[in-house]
Amino acid sequence: MEASLTARDRVGIQDFVLLDNYTSESAFLDNLRKRSHENLIYTYIGTLLVSVNPYKELDIYSKKQMDTYMGVNFFELPPHIYALADNVFRTMQSEYNNHFILISGESGAGKTEASKKILQFYAVSCPSTKLLNNVRDRLLLSNPVLEAFGNAKTLKNDNSSRFGKYMDIQFDHQGGAVGGHILSYLLEKSRVVHQNHGERNFHIFYQLVEGGEEDLLRWLGLERNCQHYRYLVQGDCAKVSSINDKSDWKMVRKALSVIEFSESDIENLFAIIASVLHLGNVKFEADVRGYASLNNNQEMHWLLGIPTQVLQQGLTHRKIEAKTEEVLSPFSVDHAVYARDALAKAIYGRTFNWLVNKINESLANKDSSRKTVIGLLDIYGFEVFNVNSFEQFCINYCNEKLQQLFIQLTLKSEQEEYEMEGIEWEPVPYFNNKIICDLVEEKHRGIIALLDEECLRPGEATDLTLLEKMEEEIGGHPHFVTHKLADKKTRKTLERGDFRLLHYAGEVTYCVVGFLDKNNDLLYRNGKEVISFNFYCKKQVVTQFKSSLVGLTEILMSKEPWYVRCIKPNEAKQPGRFDDVLVRHQVKYLGLMEHLRVRRAGFAYRRKYDIFLQRYKPLCPDTWPNWRGTAAEGVQRLIKHLGYKPDEYKMGRTKIFIRHPRTLFATEDAFQICKHRLATRIQAKYKGYRVKGDYLKQREAATKIENCWRGLMARKEREKRAWASLILFLRFIKGFMTRNQPSCNDNSEYLAYVRTNYLTRLRDNLPRTVLEKDAWLTAPPILQEVADTALHNRFNLLEIKYLYLLFCFPCFQLLLKEQTSSMFKGKKENYPFSVCKLTSELTFRLRPLFLSAVTSCVCVSLPQYSVPVVKYDRNGFRPRLRQLIFTQEAAYLVEETKIKQRIDYSSLKGMSVSNLSDNFLILHVTCDDIKQKGDLVLQCDYLFEALTKLCVIANKQNYIKVVQGSVRFDIQPGREGFVDFKSGQESMVYRAKNGHLMVVSESTRTKSR
């Protein structure tokens, strides 16, 4: 539950106990509205579940959802009816005691559906055997049967329960459903004979007519047309789009078979239902004396299998006993109609009771060992209509009693929890509705006692005399008012036949008309004889109902309570619509605000130490990741770190109690921030773990593959060696023995080996000069001729090379020396020292890899000449090692394989050197664009050779200028620099204070010394 607090602004709070403004109905409704609009139809008030009817199918009742909520802590997942059902079941198993779930709400709020969902959850979650499956199927299929006989379409609900139902589900010690028992309360029998416009009779009548087989209808004397039966057309809506009577009929027939109704029982059951329909079509006519008579009525022979004469007498006469005599008194037509309808109601009511008893027989568990029980109480909610009659009075009285029980049990459970945890109990102010219950049920002075007294007293008792009696006896009660007792303002809202009760949920005005008749539920003696019931019932309806409520209260008081409060969001049954006025009214009469005040009287939030610590321990370094002490000590350390104030919490024996929701919200918000940080760390650790695991697996796999491969190669090598030892060695020996013979198969391989071995040794030991003729290797006989030819060719090559070096190369050297002399002799101090050096000794050789890289970069023919140089930056004169390469088209300044500058020979306008003994040269380049690089300042150890090569390759013999003092050069267009030259004791290069590059060269005199 705590995880949802981060989205509380959007989807509301999952537990109303955590509302800050818990006394505000507006805040309560706002939270309910937010959740309803997000299709979150369930919300908690502690352990009470509030359910809002969505009026549409939601994908939250699948088998997967059931599995999700099975065995999970109540508050761990979002609110759901499965969570409540599972918690009840697990508590029952662990504590081995009895529980009940009270499902209440007004018609159309979803009580019946909630009851079904709980039964379906237990059917899936309980242990399964063949015997248990039979019981489970009977429990589930008892619902459609009871719905068919006890539910009907009303203005508010197409499947409204018109009776109260309490079902006990019995479980054995292993948690298997082994039996059940059903109690029914206050069936609305008046619906059999009368329905308001837009309403229907009980479903079973329409299912029988629309879905019954042709043979069955013919046997029962029925037609497949609801319009032919008076009891089915008064509401003028025999067909409803949301109800499929044919498919429902099939379900009922299947259910009756599974519940083990015999064919005879089923036939008799439907015969009685058909008899009620026929009875409704019985018509009376007035004879000449004004008495009711039945003439040529075709419906009579279909009724109950009773002789026509007995039935006719029972419907048209009243039997009066006078001492020892019995007198038949004829009915008027109105009295006959009343007697007919009373008989129909009595037949249906007793049939319903028989049906419930038969289902109970099927669900009964024969094992006498102790069973634990979960009860489901699906009871009508508080009802307030425009006209409220006897039925609403009984229903609202029932709700008053349940509200009284509800508050008592809630207060009791709260007080017991506080005492068990050692927390001081603070008395809770709440509205005690005992005063209203006493007003209704008090002996001799309550409304029920006055109603019974008026029904039994001799004389002419009417509804108005009942009202007068109540005004006389309880007129001074603060929760009772009539037209006569009211003040002038209130009197305008009351009719003369009305009385008003101030219930816990608000004021309800009742119309007294019909109270006496409905309470008497009068069935004349001869009518009772018709249905074989030969004694009067001494108790009135309301007294019987009161006794039933007392029995129900005793049952509930012996069990642990759980509550589901169902709310109808609008009257139009439209999804997504939330009627504030309607919902506010239901919240009031369901007592939700009262319950919330009781739960919030002390502490808003409570959790067991281990659960609280498990969730919030990342917030404290001492408790994260593992706390070694007890859970209570860990929670104490945690809340100390969080800075809880003493008045914000209490430490119980097993739980922590937090007083204000804002304290919990702050803790949860801090946890959400911390959770993202922890998630990142956990992800990193996990990814590292996974990658390391993958690496170890790959390494292990690679090792295995390597081992296998090495083993394979070793085996192959062993095979080769074995073959060599057996075959090659023999061939070698045989070849050696026949080596002097002509080539053949026996010695060909040996001779090839001798040839290869001799040529390999000869390659490594060739003579280097023409004077080493005696160094030639002695050839084997088979290669003697070849060796002589090779010797002759080798010495011819050496002679040619010698002659070239003797005559051709010196000529080329002399030409270069002449060129150098013409340019530098007598002009540069260190020229004489270069005369003795040959060009071949000075030329720098490029590495093959470097040479190919440079060639690919410049995309020209191979370099003609290359020499290492030091290049001085134009700005700051920092030295850089470079390679100067000359090709046929241009000169390149290269750093490794990267070309730093390209100088086309056409743009080379001059070359400057000093007259001193330094080795600096400046290449002057034409610059037309400011983006182009300027002149180059270079230092080269092979200065004379490099300049001579450049002049020859670029044909620039007259471009060299030998200067004295300083040389100006262009840094870039518009900017110039200078290189100053002078002699000194020691060679050095540095940047002078005037910004020039100063080159100090060692004088030739110093060198000569």
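Just so it is clear, glycine is given a Cβ too, placed from its N, Cα and C backbone atoms.
Annotation source TrEMBL lists ATP binding site at Gly105, Glu106, Ser107, Gly108, Ala109, Gly110, Lys111, Thr112. The domain 'Myosin motor' feature in TrEMBL is assigned to 12-672. The domain 'TH1' annotation in TrEMBL covers 821-1003. TrEMBL lists 549-571 with the feature region 'Actin-binding'.
Mapped onto this structure are the features recorded in TrEMBL.
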residue	record	Cβ neighbours (10 Å)
Gly105	ATP binding site	26
Glu106	ATP binding site	24
Ser107	ATP binding site	19
Gly108	ATP binding site	23
Ala109	ATP binding site	24
Gly110	ATP binding site	23
Lys111	ATP binding site	27
Thr112	ATP binding site	23
Revision key, fill the gap. Taking DSSP H, G, I as helix and E, B as strand, the region 'Actin-binding' (549-571) contains 9 helix, 8 strand, 6 coil
Check your understanding: What other residues of the same chain, not counting Gly105, Glu106, Ser107, Gly108, Ala109, Gly110, Lys111, Thr112, have a CB atom within 8 A of the CB centroid of the ATP site?
Key -> Asn53, Asn157, Ser160, Gly381, Cys566, Lys568
Exercise for review: Compute the average pLDDT of the predicted model within the domain 'TH1' (821-1003).
Suggested key: 82
